[in-house]
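Swiss-Prot has this to say about the protein:
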REGION    1-21  region 'Disordered'
REGION    41-63  region 'Disordered'
REGION    85-105  region 'Disordered'
COMPBIAS  89-104  compositional bias 'Basic residues'
ZN_FING   107-137  zinc finger
ZN_FING   145-175  zinc finger
MOD_RES   Thr260  phosphothreonine
MOD_RES   Ser263  phosphoserine
MOD_RES   Ser264  phosphoserine
BINDING   Pro298, Leu299, Thr300, Gln352, Lys422, His452, Asn484, Gly485, Asp486, Ala507, Arg508  FMN binding site
ACT_SITE  Cys383  active site, proton donor
CROSSLNK  Lys403  SUMO2 cross-link
Amino acid sequence: MAETAAESGGGGDSGVGACERGVAPIKAQYRTTKERFHEYLDGDKQEGACQEVPTGDPAEPGAKRIRLEDGQENGKTEVAIESRERQVPKRARGQNKSRPHVKPAHYDKDRLCPSFLQEPATPCAFGDRCRFLHDVGRYLETKPADLGPRCVLFETFGRCPFSMTCRFAGAHLGPEGQNLVQEEVVARCAQLPSVRNGLDRALQQQLRKRQVCFERAEQALNRLTQSPMPTVVPETTVAMATPKQNSCHAQLDTVGGAGTPQSSPVPTCGPLTDEDVIRLRPCEKKRLDISGKLYLAPLTTCGNLPFRRICKRFGADVTCGEMAVCTNLLQGQMSEWALLKRHPCEDIFGVQLEGAFPDTMTKCAELLNRTIDVDFVDINVGCPIDLVYKKGGGCALMNRSAKFQQIVRGVNGVLDVPLTVKMRTGVQERVSLAHRLLPELRDWGVALVTLHGRSREQRYTRLADWPYIEQCAKVASPMPLFGNGDILSFEDANCAMQTGVAGIMVARGALLKPWLFTEIKEQRHWDISSSERLDILRDFTHYGLEHWGSDTQGVERTRRFLLEWLSFLCRYVPVGLLERPPQRINERPPYYLGRDYLETLMASQQAADWIRISEMLLGPVPPGFVFLPKHKANAYK
């Protein structure tokens, strides 16, 4: 069944008639029209609960703007809008590539110098050249009002590191403006494990100055270029590249050169272990035994640490960080290293790397192997976006077998943890490649492969091909293969497990309903209430403030990721409203009125209504606030 986009308003069905093909079967007493849906939401607005704010719609291309809005902008009638829609031969879908990019720092122009937040305060290293405010009185005069009486950081950790810049500062500032500390809570938190895998400042400087030695990576790359690599399939010939062709010139150099890999020019001290001089054999590596476990997919943008904490709470067994670009990690970019952070609740955790060159991928793998704590490293061979594909990464590696083999062998040669691969069925819709690559991946040393049952061309315009995944699971044996695609209920999970896969990966299903993991483990449908869903969002904002901070930048960054998640959550249809549970992932919800106002508000697919929900949790948005979701649904017809 084809899956296409439907993003307007609160759904795509404009009538109350019988269920159509591709439309979620909602009970007749709840179905409504587009006009009644928005009249209900606008009529029941609580006075003063939310102010009207621009949502960024005018900055979007006109073809999309017609679909996003109610059809009443600037006083134009519905007939006029429909005539304009007929002039568009094909409606826009996919990503909002031309959306405005507003950083959280934009809303915090008068920032206080960080030196004032140190305890005790330290002199500013920049002096008169500092671009931040040094006048505390002036800062407090211009600072917006607090967003609430409680500070999550102060209550959780006993001390808020943002002091007077916190948007909830009233909860922990003394009568003289001093930052209060709860010594007992601080002492208790000191005994608990903290978030791991941060980037050390000293290491960041070494990376930026290219002073990091990649001895094991150089040795692994030399082995790849000097010895012929065996081919697993006789019909396939792997073309060997010369060392010059095999290198990416814009990457880091090693200290001392590659001519003397046996000895490092950097003096070392301390105990010498076997792992320092003897490379682990594949049979000696740590095993990755996750068969039968629920695997949360590495989700770009939405798969952040606060969201993973939510999914862990509902029963996810395995988590993986968002896709990290290896060249950005080698350059010491803080934003990229933030994707590798691991919360203590993530007991089985991995990171996903994306790259197109064996040298940069191997060096990055060695760097992560000795600096962060993970249970496995995953190579992204499934990313379909043009920015990655045209550079030879993501799905493009499936057509670059020589480079793909060098990357897998090189990365696997420097890791002490298992190596996994996430891939698609292929690049083109009618040309499947996975069944040919899986035996090779098994012999290259890959511990586990996750297969998304769609090609790059298909994106989400087709249902996942689970019969093909079943075929690939047999070909890959004894290497475990996880299946991914269209899991939105425990029935879907049960059917997927019957194909012979070792386990299932959940992606969009977790975005629509993170309690899906509980449903699968308890084998039931959870008719969750709107108040329970709001509590989940409240917990997400608390986790977000812990992770990104409680100052203006942290609050707005938390709001942004909350809104991105709401662009998926709005597609969930409550179980009690369905005629025939469960909801299918390729069925779009029609316009419906929920069992209470909040349930109806959560069903709206307008950015303005998502902002209203965010204001319930994070207070009013700053002046000039703009938001457009990164992803638009193209999975409905």
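The backbone N, Cα and C atoms fix where each Cβ goes, glycine too.
Shown on the structure are the features that Swiss-Prot records.
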| residue | record | DSSP (3 states) |
| --- | --- | --- |
| Pro298 | FMN binding site | coil |
| Cys383 | active site, proton donor | coil |
| Lys403 | SUMO2 cross-link | helix |
| Lys422 | FMN binding site | strand |
| Asn484 | FMN binding site | strand |
| Arg508 | FMN binding site | helix |
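Across the zinc finger (107-137), the model assigns an average pLDDT of 80. Every protein chain considered, the tally of other Cβ atoms within 10 Å of the Cβ of Cys383 (active site, proton donor) stands at 20. Cβ neighbour count for Lys403 (SUMO2 cross-link) (all protein chains, 10 Å cutoff from its Cβ): 23. In sequence order, the recorded positions near Cys383 (active site, proton donor) (Cα within 10 Å of its Cα) are Lys422, drawn from Pro298, Lys403, Lys422, Asn484. Counting in whole angstrom, Pro298 (FMN binding site) lies 23 from Lys403 (SUMO2 cross-link) by their C-alpha atoms.
With respect to their backbone Cα atoms, Lys422 (FMN binding site) and the residue listed as 'SUMO2 cross-link' stand 16 Å from each other. In this structure, of the binding-site residues Thr300, Asn484, the smallest number of CB atoms within 10 A of the CB marks Thr300. It is 30 Å from the Cα atom of Arg508 (FMN binding site) to that of Lys403 (SUMO2 cross-link). Of all the Cβ atoms in the protein chains shown, 25 others lie within 10 Å of the Cβ of Lys422 (FMN binding site). Note: the zinc finger (107-137) comprises 10 helix, 2 strand, 19 coil (DSSP; helix = H, G, I, strand = E, B). In this structure the C-alpha atoms belonging to Asn484 (FMN binding site) and the residue listed as 'SUMO2 cross-link' are separated by 25 Å.
Residues Pro298, Leu299, Thr300, Gln352, Lys422, His452, Asn484, Gly485, Asp486, Ala507, Arg508, recorded as binding FMN, reach a greatest CA to CA spacing of 21 Å.
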